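Trainee: Per Swiss-Prot, active site is recorded for Asp63, Asp287, and the stated evidence type is sequence analysis. Feature annotation from Swiss-Prot assigns domain 'Peptidase A1' to 45-393; the stated evidence is sequence analysis. The annotation N-linked glycosylation site is assigned in Swiss-Prot to Asn84, Asn90, Asn268, Asn308, Asn366, Asn398, Asn468, Asn503, Asn551 on the grounds of sequence analysis. If you look up Swiss-Prot, you'll see 466-505 marked as region 'Disordered'. Per Swiss-Prot, the feature signal peptide maps to 1-24.
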Amino acid sequence: MSAINHLCLKLILASFAIINTITALTNDGTGHLEFLLQHEEEMYYATTLDIGTPSQSLTVLFDTGSADFWVMDSSNPFCLPNSNTSSYSNATYNGEEVKPSIDCRSMSTYNEHRSSTYQYLENGRFYITYADGTFADGSWGTETVSINGIDIPNIQFGVAKYATTPVSGVLGIGFPRRESVKGYEGAPNEYYPNFPQILKSEKIIDVVAYSLFLNSPDSGTGSIVFGAIDESKFSGDLFTFPMVNEYPTIVDAPATLAMTIQGLGAQNKSSCEHETFTTTKYPVLLDSGTSLLNAPKVIADKMASFVNASYSEEEGIYILDCPVSVGDVEYNFDFGDLQISVPLSSLILSPETEGSYCGFAVQPTNDSMVLGDVFLSSAYVVFDLDNYKISLAQANWNASEVSKKLVNIQTDGSISGAKIATAEPWSTNEPFTVTSDIYSSTGCKSRPFLQSSTASSLIAETNVQSRNCSTKMPGTRSTTVLSKPTQNSAMHQSTGAVTQTSNETKLELSSTMANSGSVSLPTSNSIDKEFEHSKSQTTSDPSVAEHSTFNQTFVHETKYRPTHKTVITETVTKYSTVLINVCKPTY
């Protein structure tokens, strides 16, 4: 076992931000609902929801990057025998004998037969598969979910009768077009109003928007407020940016919670040394379900080099000598109208034992950039799915419950006191270059600029496999694609139901959105666009080639974006909370 494995902890890198505690819902019609987030094991967030009548308490992963709510059924034969599941001998799945492999003792499960409010839906099969090979398979139903004594009826969810995913369930709150309703046998092929949409239709909130505050990594708690912001949770100005459509040739509106980053750099405030890594506009996904930070290799290498970290091919992660003196080093993410500062301490993965290497919480990708929890803990983020807007500010780690000040988000997306960003959004990919210094106002010395890359060299440099701390992990969980259930460092980008074969990839995605009552959803007869992807266009990356032959049917698992006229396919694992040797963040 290498030194870094001695330093790492076996963790669930499924930073699916799970809700653990729920605060009171305002019952005076003020239009917002607040959840407290519990930071479990300093790695992820989790929550307990009361489901059914009488209620059954289930702890589920909470994820902004997915859209489905599903829970594990108590009869799941893949669970090792324990008190939470029924014991089945000689059970079969797809004609093969089931070999129990999941320790479900710490998980909560659901039994529909014990609930009088459960309604089975005959609209098709529920199925999600992840890039790491795990899956959840079952049926659709509706149920009553109780939040602090307030019943929310008719929540559609999946009941996983068979599941190899080591989680009790997932509560996804992303765009409905990310729902797992297409691309597999028996799929319902129709979008449905998911959890945040139901909150709006039940008039609990006025707009499908929510603000996320993860707080400092060592605080233990954060919060998410549906329908409002908390002015005490951020410092400085709150700027509102447009979401960007990462797939303009496939869909007509954004399908992911992505925005434009204008530049990126790092500085040592004590020594006044700094370096700008890029000033090229680029789309970034903000994902609470991703633990780490993913960046194209050419950028990830620069970020690591600033603190003398080097990439370990054996471990699949950047490493550096321990202990690390974090000092006044910080990474600065430039969005044009403001910069979000992330302290180096948030990016260091500490060893489990002394005398080992430390890890650096940035993972190289083919071409995607995903800002996971290590970034989000330093930011206050407002996601407005109705109006396709994202608002950002620097998080205030000194906020308290006493100073709380909730302000509702208006139906048109306007927020009292927020400023409209003026920075030009991303539209097409360009080579990474540095044409200016994002620290020009500091008067400090700068390292040499990163030289401009040609389109061809950029593709060559970024065409590398995204890895977790364990090179054996096929998924990335910075994203949790079922590895966020992919969530390792990964990109949990997705845009529609995907079916991949060795010679063709078909991506089905609704290209239009329509209002259904007070719920904004794609029309059932909206035309899906198909994106044909030939062998001649695929990347030569062996990791991508391997996954291109894997029949993936879940939208969250593969991401497509034209890059310099070359389509790069990236496999993302989402929802597969996988136990892997990953290092624990040091704060």
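In case you wondered, yes, glycine gets a Cβ from its N, Cα and C as well.
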Trainee: With the cut-off set at 10 Å between Cβ atoms, which of these active-site residues ends up with the most neighbours? Options: Asp63, Asp287.
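Mentor: The residue with the most neighbouring Cβ atoms within 10 Å is Asp287.
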Trainee: For each of the glycosylation sites (Asn90, Asn268, Asn308, Asn366, Asn398), count the other CB atoms lying within 10 A of its CB, then report the residue with the highest count.
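Mentor: That would be Asn366, with the most Cβ atoms nearby.
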Trainee: With Asp63 (active site) as the reference Cα, tell me which of the recorded positions Asp287, Asn308, Asn366, Asn398 is the closest one.
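Mentor: With Cα distances computed to Asp63 (active site), the winner among Asp287, Asn308, Asn366, Asn398 is Asp287.
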Trainee: Measuring CA to CA, name the entry from the glycosylation sites Asn90, Asn308, Asn366 that ends up nearest Asn398 (N-linked glycosylation site).
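Mentor: Given the candidates Asn90, Asn308, Asn366, the nearest one is Asn308.
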Trainee: If we check Cα distances from Asn366 (N-linked glycosylation site), which of the recorded positions Asn90, Asn268, Asp287, Asn308 wins as closest?
Mentor: Asp287
Trainee: When you rank Asn268, Asp287, Asn308 by Cα distance to Asn90 (N-linked glycosylation site), which of the recorded positions ends up on top as the closest?
Mentor: Asp287
Trainee: If I take every residue in the domain 'Peptidase A1' (45-393) and average their pLDDT values, what number comes out?
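Mentor: Average per-residue pLDDT within the domain 'Peptidase A1' (45-393): 92.
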Trainee: According to DSSP, does Asp287 (active site) fall in a helix, a strand, or coil?
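Mentor: The residue in question, Asp287 (active site), is coil (DSSP, three-state).
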